[in-house]
């Protein structure tokens, strides 16, 4: 058995030889060699064993094997980095999911009004913009990795305050702290992943933050259902406390993940950047090409850094190409939220109650179905984003969302309470979150982490995240009030019209970035902005060439 295991598990071993006192050549462990240079060990194992002499040459099969081993190792390493970098996004998802149910018990325990409920839910999105704004500069100073650590720490403090809050005012203080931490985390994760990922898999890996948001939402819904049987005073506190756990894991992740090579280049730590690229790219030639592109993009050549305008001055007075990037990045971030996904997720119990579901346990069970749907359909984006591209997924997503939002509005308006109305409402809500998860949810973050120049990327992405958080906050803080005025159905008619405009925005302002390096995408925006009239093809290793 041991001999068979050695044959299966040991690929190459170098046999050391020496000469005994009688002049006979000895092999490994002093076993004599025969006239053909074979040792007793090789004879015992048979002529087809997998051991190799030191002076033998590698065959083509061995080269292929070693290349595959290196590729496998690199893929696993980059995958681990993307997973750990995305853990902070679980916090946002968990907060969205858990608060939809916890607020039922908070309102009963602390005796708060509907307006206070809206403020409690929406304030996190508004405050998180402060974290996102600070995240751009912080990540340029501290680095991408340590900004993620800071985000986890701030959220932990906020979650702990919320857990022990004796009043609405203290609960709000914790909510503000948690919002700052979440704002830092959701802004930096996609930037970091985009900067360490190989071009061929950047889209799917940069989708990971959205995947983890969905996972967090599902965990929040499950937590609601699991702890709903506790007393009113205890249940919501346990629900919120569970959210601390993912941020603890982030601390351990810092010992595994590297710093972004592009940030290292900006700090003139070029050799460190090369080492990180060697760990995250399969081809050494590609490493040197990528490093050269990063050096040019960062304004560094031969160790010298060119003078440049301050980042915020450049963002406030953008060049034509940067203006195109800002329109695309800021616009897609806003559309992600103003199409009403937070209303669907945060207030799904309220939506289902309007459809006719009254029992709290049944309401929370229905929200679990929404969470499962949202999490499952994000997998479609992972597998398709680097095959089909960003733009086709956005078309499918926004068109599907428009149909589902319109059907939800019709069901709420025309069918009223009843089995048919309940069925259509659940189907429409699940359909809406499914189409969102397939495209607009993950692709939004992928695009904003890809399209901006290296020197501006962190702070421009932060600006996009601000638009996202403000839009999210406005929807979350006004949904109950608006739906009381014009009904839930009327509110979703508005969301469906906005979603239809999102389809047009994608058509006019979003280019296809699949298969292009980050530095090549920057060149793409320097051409005409009309993507339909002037199609630009740019392969992974090609220079920018506009078709005539």
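Glycine too: its Cβ is placed from the backbone N, Cα and C atoms.
Nobody curates TrEMBL annotations by hand; they come from automatic prediction.
The shown structure was predicted, so the numbers you read here are calculated from the model rather than taken from an experiment.
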Correct range for transmembrane segment (source TrEMBL, candidates 486-507, 508-529): 486-507
Range annotated as transmembrane segment - as stated in TrEMBL, picked from 11-28, 29-46, 47-64, 119-136: 119-136
Positions whose Cβ lies under 8 angstroms from the transmembrane segment (460-480), at least six residues beyond its ends: 114, 117-119, 121-126, 128-129, 132-137, 183, 186-187, 190-191, 315, 325-326, 329-330, 332-334, 336-338, 340, 342-343, 346-347, 350, 444, 448-449, 452-453, 491
Leading contact stretch, 119-136, 205-222, 363-385 vs the transmembrane segment (77-107) - CB distance under 8 Å: 205-222
Touch test for the transmembrane segment (205-222) and the transmembrane segment (363-385), at least 3 Cβ pairs under 8 Å: yes
Distal contacts, the transmembrane segment (325-348) - CB-CB under 8 A, six or more residues away: 96-97, 99-100, 121, 125, 217, 315, 318, 366-367, 370, 374, 398, 401, 405, 429, 432-433, 436, 440-441, 443-444, 447-448, 451-453, 460-461, 463-465, 467-468, 471-472, 474-476, 479-480, 491-492, 495, 498-499, 501-502, 505-506, 509-511, 525
Interface present between the transmembrane segment (422-448) and the transmembrane segment (363-385) (three or more C-beta pairs under 8 A): yes
Per-residue pLDDT averaged over the domain 'Major facilitator superfamily (MFS) profile' (81-514), given as an integer: 82
Touch test for the transmembrane segment (172-193) and the transmembrane segment (392-410), at least 3 Cβ pairs under 8 Å: no
Chain residues outside the transmembrane segment (234-257) and at least six past its termini with a C-beta under 8 angstroms from it: 80-81, 84-85, 87-88, 90-91, 94-95, 98, 101-103, 105-106, 109, 145-146, 148-149, 151-153, 155-156, 159-160, 162-164, 181, 216, 219-220, 223-224, 227-228
